[in-house]
Amino acid sequence: MTAAGAGTLAVLLALVTLVTLVMRPRGSSTVDFYLAGQRVGVASNALAICGDYFSAASFLGVAAAVYVSGLDGVWYAVGFAAGFVPVLLFVAAPLRRFGEFSIPDFLGRRLASERVRLVAVGVVQIVILSYLIPQAVGSGITWQLLVGRGLPGLSAYATGVVLSTAVVAGLVAFGGMRGTTWTQAIQFLLLLGALVWLALAVAGSGFHYSSAVAELSAEPLANPAQGDDGWYLRPEANQIDPGTPALFGQPGAAYGPLAQFALILTLVLGTAGLPHVMNRYFTSPTGTAARMTTVWVIGLAGLFYALAVMLGTAARQQIAAAVDDHPWLDELTVDGVLRVPEHALPVLGRIYGGDSGLAVVAAGALVAVMSTIAGLLLAAAASWGHDVYERHINPRASESQAVWAGRVSTAFVAVAAGVLAIAMEPRELTPAVPSIVAAMVTWAFAIAGSALTPVFVLAIWWRGTTAAGATAGMAVGGTVSVSMFVLGALPVGPGLGETLMTPTLVAAPLAALVTWLVSRRTAPPDDVERQWLVLHGTAADRHAERLARLTLASLEPTRRRSGRAARRREGRGANG
Amino acid sequence: MEYDDGVDEHDTPAEVDAAFRTLRRVAITHVVLFLVAVLGVPALSLTLGWWSDGQLAGGMSPGFAMAAFGLYAFFLVIGLAAASLSSAVEARMLGGRHTGEDDGFPADGDRS
């Protein structure tokens, strides 16, 4: 580990710990622990949502996908960025106004059914674990890249997994949602800062984005492959027009026609069902604030992914051009093309900033992983602690007991994810690594978008949704997406495999159809009209806003008195 | 401690139902526009040669430019428009003074 790398990491962890200590929950209520007292402002909540959402898959994965597949990789960025538009239109404000602790809590109370709550807990836990394990794997890989050695008795990879999950679990258990909100906001700013610095460094070196795309598209796209005689560059097969070569700026390098739409829709629909992201909306003070928070997130996501796509393109062109001047690139590249595409941003960082540049980018990746792990652990804690412990194991639990249940759940889920991540350790840093990370993140989006999003949207926008319908919808969406995913992993032929691996295109409409059909044959909850007033009315928002205005007004005379006293002091000082 | 300033904030079912229907129209209109854009860009890349082959200033194709940054600007514009319109609808249709009597209203999803 270089001194720059060690310094960067130490400063980063000290900053995050300090923020958590300062912002830790002051009370011991569950609202404070899980929802930060429901007083998180628009800008800070938007930054925290971005910290939750932008994982290693976004930071390293999108640039890598563009690097290796050109335009087909850009669809990842489009899908990730687009996912918040449906959230804004259909979910954010009503979800906050209903005001529960988690997705299962929302569905359980909206549909007046403990069975729905428990089925939703099951689905949510699968989504969380699917998302958590690749983050832990990513932290192990990043530790290998940044530090390169492990604690006594542990490999570098295992050390990264253990330390990152233990540190984040400790911060979450101690800081709750309030502390986590601020650490995630700061982590996102660090992440964005690393990306902006790299983009400025690349642009300052004379990189011309538009001509780079044209130049890269002028010849067939080829990537390293390992043959009997070692590594060589293999031209990518065109999935759309098999007779022609795949080009960087045109579709077809990775996906066939249907798979392109399936990927985008999987990512778009999956976002609204991600528990760690949706739980953040319960922390907004009002529904209107939740809606405006989403507008900020859409803007920040657009900036983030536009930069990631640009840097993926820059890496493809600049790394090939830098091979002659940087001999250390020889072992990482084949004829100027990286063997592991996820190295695109760290290598670009080293080219433009030396070891410090590499440390900044690697620390950014570690921050992305830690921030997402924090959000996932909190969502798991809310789900186990509130929906299972408080509701079913100990319904008479005191606030303090409920908070401790959340803390213990955090530890258990962190240990489970750490153990599974170590068990799934890639044997070496080869192209097999990103496939695990990317596949499992897509898997989480696919289950969330297939099993949760259709039921979630129907429960918000259709009075006729029933508990039986929601249970059937979640079961069908989950089962179909899992089945298609398993089938897609088998050798089913080119084109079909990619479509099956992104099953939301089929599973989500089926889940919605089953929810509707079963709901038509069963009765909605008795108090659906009262619930409708809470979901779509703004009385609670107005009440909260009026209280805020009254509080500010009551503080105003104190402020005026302080201002006058200060002016008098200044006057005396000037005269004296 | 809960603060009570004596003002009774509530919405009538008829008001909420009217606002709900308007907001649903707003959401559906915007989601259709959103889907046309987000699926239209890859569709054009698959069907129109000039969309992928043509060159804007410097050499980038219109399709790549839309996917690389144009769509994100569009998402922000459509998100801002939908959020502003939805909030304006709620401010206009909800929170009026009530006589204390709720009027009848059609229930969405009512099977009677």
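Even glycines carry a Cβ here, placed using N, Cα and C.
The transmembrane segment feature in TrEMBL is assigned to A:6-25 (among others).
For A:46-68 (among others), the entry in TrEMBL reads transmembrane segment. Using a Cβ-Cβ cut-off under 8 Å and counting only residues 6 or more beyond its ends in the same chain, the transmembrane segment (A:46-68) has close neighbours at 40, 74, 76-77, 80, 131, 134-135, 138-139, 142, 180-189, 191-192, 195, 223, 254, 271, 274, 276-277, 280, 293-294, 296-297, 300-301, 304-305, 308-309, 311-313, 315-316, 338, 341-346, 364-365, 368-369, 371-372, 374-375, 434, 437-438, 441.
What TrEMBL lists as transmembrane segment is A:74-95 (among others).
Beyond the transmembrane segment (A:116-134), the same-chain residues lying 6 or more positions past its ends with a Cβ under 8 Å from any Cβ of the stretch are 55-57, 102-105, 107-108, 273-276, 372-373, 376-377, 379-380, 383-384, 387-388, 391-392, 413, 416-417, 420-421, 424, 436-438, 440-441, 443-444, 447-448, 451-452, 467, 470-471, 474-475, 478. Taken from TrEMBL, the feature transmembrane segment applies to A:116-134 (among others).
TrEMBL lists A:154-176 (among others) with the feature transmembrane segment.
Taken from TrEMBL, the feature transmembrane segment covers A:254-274 (among others).
What TrEMBL records for A:295-315 (among others) is transmembrane segment. Outside the transmembrane segment (A:295-315) by six or more residues, the chain places 42-43, 46-47, 49-50, 53-54, 58-59, 62-67, 73-74, 77-78, 80-81, 84-85, 88, 188, 192, 195-196, 198-199, 202, 207, 209, 212-213, 216, 338, 344-345, 347-348 with a CB less than 8 A from a CB of the stretch.
Marked as transmembrane segment by TrEMBL: A:358-381 (among others). Through the fold, the transmembrane segment (A:358-381) approaches residues 2, 4-5, 7-9, 12, 16, 34, 51-56, 58-60, 102, 124-125, 128, 131-132, 135-136, 138-139, 142-143, 145-146, 164-165, 167-169, 171-172, 176-177, 180, 183-184, 187-188, 190-191, 193-195, 197-198, 275-277, 279-280, 345-346, 348-350, 406-407, 409-410, 413-414, 417 of its own chain, all at least 6 residues removed from its boundaries and within a Cβ separation under 8 Å.
Look at TrEMBL and you will find A:402-424 (among others) tagged as transmembrane segment. Remote same-chain partners of the transmembrane segment (A:402-424), defined as residues 6 or more beyond its termini with a Cβ less than 8 Å from a stretch Cβ, comprise 28-30, 33-34, 128-129, 132-133, 135-137, 139-140, 157-158, 161-162, 165-166, 168-169, 172-173, 176, 373, 376-378, 380-386, 389-390, 394, 436.
If one looks beyond the transmembrane segment (A:436-462) by at least 6 residues along the same chain, the residues whose Cβ comes under 8 Å of a Cβ in the stretch are 55-57, 61, 65, 86, 90-91, 94-95, 103, 106-107, 110-111, 120, 123-124, 126-128, 130-131, 133-134, 137-138, 141, 265-275, 342, 424, 426, 469-470, 473-475, 477-478, 480-482, 485, 501-504, 507-509, 511-512, 515-516, 519, 535. Feature annotation from TrEMBL assigns transmembrane segment to A:436-462 (among others).
Per TrEMBL, transmembrane segment is recorded for A:474-494 (among others).
According to TrEMBL, the feature transmembrane segment maps to A:500-518 (among others).
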